[in-house]
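Taking it in order: structure first as structure tokens, then the write-up.
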């Protein structure tokens with residue numbers, strides 16, 4: 001085996017040496033080149049065989065091989081953008097403002113027309129404010145009544161503390177006549193309370209006077225009882241000695257018993273009067289306490305009613321203000337839906353749209369479900385406007401700004417993810433003039449999601465088929 005390998009090596013060395021020797025003298029082996037005149041006088045077959053071969057086919061082959069090598073090198077090294085194509089339309093960066101009524105109403109006046117430029121806050125449409133105005137006035141009256149009631153009960157509480165007639169504080173925005181009437185009512189309530197209090201105090205003073213008189217009577221009766229007892233005792237001794245008749249003694253005994261009965265009756269009367277005085281004092285205190293408690297309750301209710309009425313005034317005032325439909329931003333009027341004064345509009349009916357002026361355009365694109373996994377905010381976008389062929393008028397550059405996290409169902413295209421693309425400019429140069437794009441123009445957005453080698457476009461199908469073929473049975 002060793003000798004065979006050595007023989008093979010010797011054989012290869014000999015042929016390599018022979019090839020090298022022949023290659024070194026290859027120019028000497030070529031026949032001597034003939035001139036064109038010499039070739040012209042040779043026989044036809046010799047002229048054909050001795051004429052040098054044309055270099056064009058050789059150089060053509062070299063060029064083809066070089067081009068193929070360059071193409072292969074570019075396919076291995078060069079990269080192309082991977083794009084996700086999403087259809088969409090241009091929208092205003094500030095969003096088109098839709099003007100809608102808050103509630104059903106009647107058109108009172110139309111102050112604009114389609115395409116008109118308007119300023120922010122300019123009156124667009126005026127609706128009938130009769131119902132809203134009536135509700136606002138009703139709520140205002142309720143608020144005024146509640147404020148007056150609260151001031152009246154506040155004055156009554158102050159009068160209860162200082163003992164003077166109630167006087168209402170001056171309320172801003174309230175009719176002085178109504179305030180005077182409310183103060184008169186407060187004085188009437190205060191005097192009614194005073195009358196009840198004075199009656200109870202008079203009764204209390206009368207009871208106290210009766211109690212004082214009864215106590216004097218008790219003191220008097222206590223003295224007369226002692227005298228009656230002494231007389232009875234003396235008559236008892238005289239009766240025992242038979243100096244007087246028994247009837248005389250019994251008269252003195254009867255007088256003593258009557259005096260003691262009167263004393264006991266007056267003592268009971270003292271207890272009754274004391275109880276009546278205590279009850280009268282409690283009734284007087286209860287009158288004041290109930291008057292204060294009732295005033296505090298009414299004051300709380302009035303303040304709550306004033307707060308509720310105040311909110312109702314704000315709400316109805318807002319309703320009344322919203323009958324004047326104004327432009328939220330400066331822009332142009334579009335899609336005016338009403339043209340008849342006196343016509344009826346429904347709740348939330350789109351009446352017109354205001355397209356903001358001097359706003360940058362954006363693209364609202366719909367990304368398909370198969371591409372959404374590769375699209376990220378910040379990726380570069382090439383936007384082609386369908387109205388202007390990009391091969392003649394170019395395209396717009398943009399950046400992905402936001403992507404929705406929830407898909408929308410489309411009957412034809414399936415699930416689509418809305419995305420917002422910010423444009424770096426909002427105009428194209430058409431025939432030498434700058435033409436500003438408008439909202440609502442259809443566009444095609446090519447989102448650059450990455451790069452890929454050229455050769456991968458050719459190898460991917462092969463790899464896919466090989467991978468699937470290796471798994472088949």
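Numbers run from 1 along the shown chain.
Just so you know, glycine gets a Cβ as well, placed from its N, Cα and C.
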Coiled coil per TrEMBL - which of 155-208, 209-262, 263-316:
263-316
Transmembrane segment per TrEMBL sits at which of 59-77, 78-96, 97-115?
59-77
Just give the helix, strand and coil counts over the domain 'AprE-like beta-barrel' (361-450), going by DSSP.
7 helix, 52 strand, 31 coil
